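*Asks:* Questions regarding the structure given below will be posed in turn.
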Amino acid sequence: MQSTKFQRQSSFRRGGVIPTAICLSKATISVGVLSMSVHAAEVGALYQLACLMLGGVLTVLSIRMISVASIETKKWSFEDVCEELFHPVMAIVTGFMNACVCLGSAAGYLIVCGQVFVVVFPTDDATRNLFVVSVGIFVCCPMALARHAAWTPAVTVGFTRHLAAMTVGALILLVIVVAWYMGEHRIDESVTTESFLLGPGEATFVAYMNSINNMIFAYNNQFNVPQLTRELTHEPSRDGMTKVAILSTSVTFLLYALVFLLSVLAFGVAENQKDSLILDLMPVREEIHVRISLMAVMFSVLTCFQLHIYPIQQFLAYLVRKARGCSSDDEKADVVYFGRSLTRWYDIFCYYQPPGHAGLHRGLWCCLHQFHGAPHVDHRAPAQG
């Protein structure tokens, strides 16, 4: 009985296959789920499903390849893997691309928060903008700081597994609300078998390309793969990450497919479909369960911010290491102040600087780091005994 109880308690442990897959799914399922239905209403359900299935297969293959590269090289970030296999220039290019994607995603999350706020609490643009700025300052920044407070060399992403599970549940609630709307209002009269499967026939080449672009964004989670590979217990393995890839991709595919299939049936095709699922639900926003589902969507995208900000922090840390002439293994022996290395303190400092001062701070701090001396000097108090 005790051993069975222990196994049940540890089934959601940090580094397990299921929680790791949920974290990877949460890095994927975000604002893209809100615009999936408008693309399906333009190009048809068959084309959208085909894109999702193709994207799912490619995602599983890419996650497996990235995890194998991390395991073989013993490197746990895109930058370090690229430097080991190719060249530091490739590492910088890759890190910059990941950082740009994650910054764009984070901006999208704040936009969605503003949309939800306007729908749930009807107000003017000035109040919405104030709310978005307040969320960025008082919610996103403390969440990023909490990540640093929980920092240990091997645990950064996996500790969010409980939040990730809650946010996946929030998106399931959104699916239930859309199904309720269809049950209450029946299938939209603009939907026929042909228009549902193939679209209304008015889609342009740009519409098909936008659908492909949305599919690419739907599975955009590879930047977290090296770190999650490192956190697998009992040790990183190809088989473990293959299971994680299949499970996370399956969850993502099912949620996206359910949302856009039900949304097209409920809200119609072509011009009947709004730009976002949030706007589709605006006519019934007075219903309490609709308000709860929209607030759950806001909670979901804000927690996704944590997973997307981590690659930016990794990229900044890599740049600092290169500026100081350090390798990926030198941080263990780096100068330590108040329990964190100098590189890690710089990472925190640079993240919270205003965008206009970022270049100046980088230059000053890199000069300070070079002046400080070799990274192997350790100011920690000697161990007792």
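Even glycines carry a Cβ here, placed using N, Cα and C.
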*Asks:* Transmembrane segment per TrEMBL: which of the ranges 21-40, 201-220 is that?
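*Replies:* That would be 21-40, the stretch labelled transmembrane segment in TrEMBL.
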*Asks:* At a Cβ cut-off of 8 Å, and with pairs 6 or more apart in sequence only, do we get at least 3 pairs between the transmembrane segment (46-68) and the transmembrane segment (244-270), yes or no?
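*Replies:* Result for the transmembrane segment (46-68) with the transmembrane segment (244-270) is yes.
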*Asks:* Give me the stretch from 89-118, 163-183, 244-270, 290-312 with the greatest number of Cβ pairs under 8 Å to the transmembrane segment (21-40).
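*Replies:* It is 244-270 that shares the most Cβ pairs under 8 Å with the transmembrane segment (21-40).
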*Asks:* Under an 8 Å Cβ to Cβ limit, what residues of the same chain, 6 or more beyond the ends of the transmembrane segment (244-270), are close to it?
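*Replies:* Non-local partners: 17-18, 20-22, 24-25, 28-29, 32-33, 36-37, 39-42, 45, 48-49, 52-53, 56, 59-60, 63-64, 67, 168, 171-172, 174-175, 178-179, 181-182, 185, 187-191, 195-196, 199-200, 202, 218-219, 221, 228, 232, 277, 280.
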